[in-house]
Amino acid sequence: MAVLRTMKLKERLVISLGATLVLLTLLLIVDVQMDFGVANRHLLQQQHQKIRLGNDYDGGTGGGGMLHEFKRKFLQKSNASGSKEASTQAGASQSGGATSGQDAAAGASGGAAGPGTSRSTSTRKPTPHDRYADLQKHLLSDEYSHVIVDNAPDVSRDNPTLAEMLHRKASANASNLERFQLRITKKELYGEQDTLVDAVLRDMIKLPIQHVVQKEGGTQLKLIIEYPNDIKALMKPMRFPREQQTLPNHFYFTDYERHNAEIAAFHLDRILGFRRAMPVAGRTLNITTEIYQLAEENLLKTFFVSPSLNLCFHGKCSYYCDTSHAICGNPDMLEGSFAAFLPNFESGNRKLWRHPWRRSYHKRKKAQWETDANYCALVRDIPPYDDGRRLYDLMDMAVFDFLTGNMDRHHYETFKVYGNETFPLHLDHGRGFGRPFHDELSILAPVLQCCLIRKSTLVKLLDFHNGPKPLSQLMSESLSQDPVSPVLWQPHLEALDRRTGIILQSIRDCIKRNPPGDVDGSETDVSS
């Protein structure tokens, strides 16, 4: 105290200011570590953009809408915990899309709710089926071509096969898989009427297994299945019954992989007309004769008999490869998904791309797109998204992942030989179809932030929504051909119809927020 008294006023002020700065720094560190969300609340960058995300006005939907819902749950909580995902709870009817932004965001238009949800009697009239006549009208004109883009790949032109690009011919005793691989083209994995798809599926289901090897790398157990004539498939074994959902306390990056999700994703990709996922089929194996007796030594060491006298194994991997998370037969019969291998010849190598809307894969940190309202403008300026088809392919991928509920899209691959003007492969869907009563709106972030969708994709979604057959029925009919049918739990099928309506409502919101006269490339503050 005596020292303070002898100090000059100026020195006291300097010391006080220094102490205050130290205290503020400590408070900032505590805020970041404890995730209170104060530090970053006003730090959103304001960058240029090419299309307007919009403010709270929603053009007649009461200030709601998908974009507002996404912004409210993400962009205004930039420092929130990663476990607090943007969501819409189930409750939408499978036939009717939401007629307002609030209804779509809540998924509530009179359908089934999730387990434990109480039902109350209402005197309100049921919401009539919204056929999205406005979107159908916009399809007939170019007025909103900045949102609905006519960029469907023309498979009839400039579409060479891998065989033509690599100057390879099928060998004399070529398998169906080898011939399928050589017929892969620049714009799709297989043609709409390609009969080799069913032949490849049939081989994976019927051919005898010769050898089993655990696939190296990855977070969970996968097996490489080898058949005669150098045919290979990637097996994901069954862990849970169809109706078991994602554990509520699991992050997306620690979720279990589901074999049936791989099967369903292939069928959905084909129904959507993308044809960017390799054929996948279900099959039931005898663990003793078709895995244990054919496996290599490293995998054999992990086999054991459970207290229930079921034959089990767990392999070696990053997650869930131990005795408490073993794969078990019943007692030695095991179901799994079998995905056909992509080409492995040298010139057919693939390029790995980091997905621009990749998640942080961290318990607390958020990715840039989760905090920057103008993030799409940055992506649009970076090759290969600044030109060509790639950005539109990512919109398709977002639609596909939103329908399946897959949050685990961190990278994607393309064939090197075709350069940048080719399609991204749809691979690794094991974390889809886990939450039928929850619609993860953040998966749709590319579409919501860019306000962009392919015309051909929108046409498909409208066809599913308006009939004659909804997407759930088309999926059910397609999946019924698989040996392990029923592949999906009924609530997952119903979720497909509900999510179709949510996507359509999102495009409607985008159109209202981006009238033709507003597309001028000017900067707009969308974070307010």
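Cβ coordinates come from backbone N, Cα and C, glycine included.
Checking the candidates E243, E413, E421, E440 against Swiss-Prot: the one annotated together with Q220, K236, E257, A339, A340, F341, L342, D428 at the ATP site is E413. If you go by Swiss-Prot, C328 shares a disulfide bond with C312, out of C312, C317, C321. Disulfide pairing as given by Swiss-Prot: among C317, C376, C321 connects to C317. Of all Cα pairs drawn from Q220, K236, E257, A339, A340, F341, L342, E413, D428, which the record names as binding ATP, the longest spans 20 Å.
Cβ contacts within 10 Å of Q220 (ATP binding site), excluding its own Cβ and spanning all protein chains shown: 20. Among the recorded positions N286, C312, C450, C510, not one has its Cα within 10 Å of the Cα of A340 (ATP binding site).
Among the recorded positions Q220, E257, L342, D408, D428, the ones whose Cα is located within 10 Å of the Cα of C317 (disulfide bond) are Q220. Candidate recorded positions: E257, C328, N420, C510. Nearest to C450 (disulfide bond) by Cα distance: C510. In the predicted model, the topological domain 'Lumenal' (34-528) shows an average pLDDT of 84. Considering only the recorded positions N173, N286, C328, D408, the residues lying within 10 A of D428 (ATP binding site) on a C-alpha to C-alpha basis are D408. Here the C-alpha separation of C328 (disulfide bond) and C376 (disulfide bond) works out to 45 Å.
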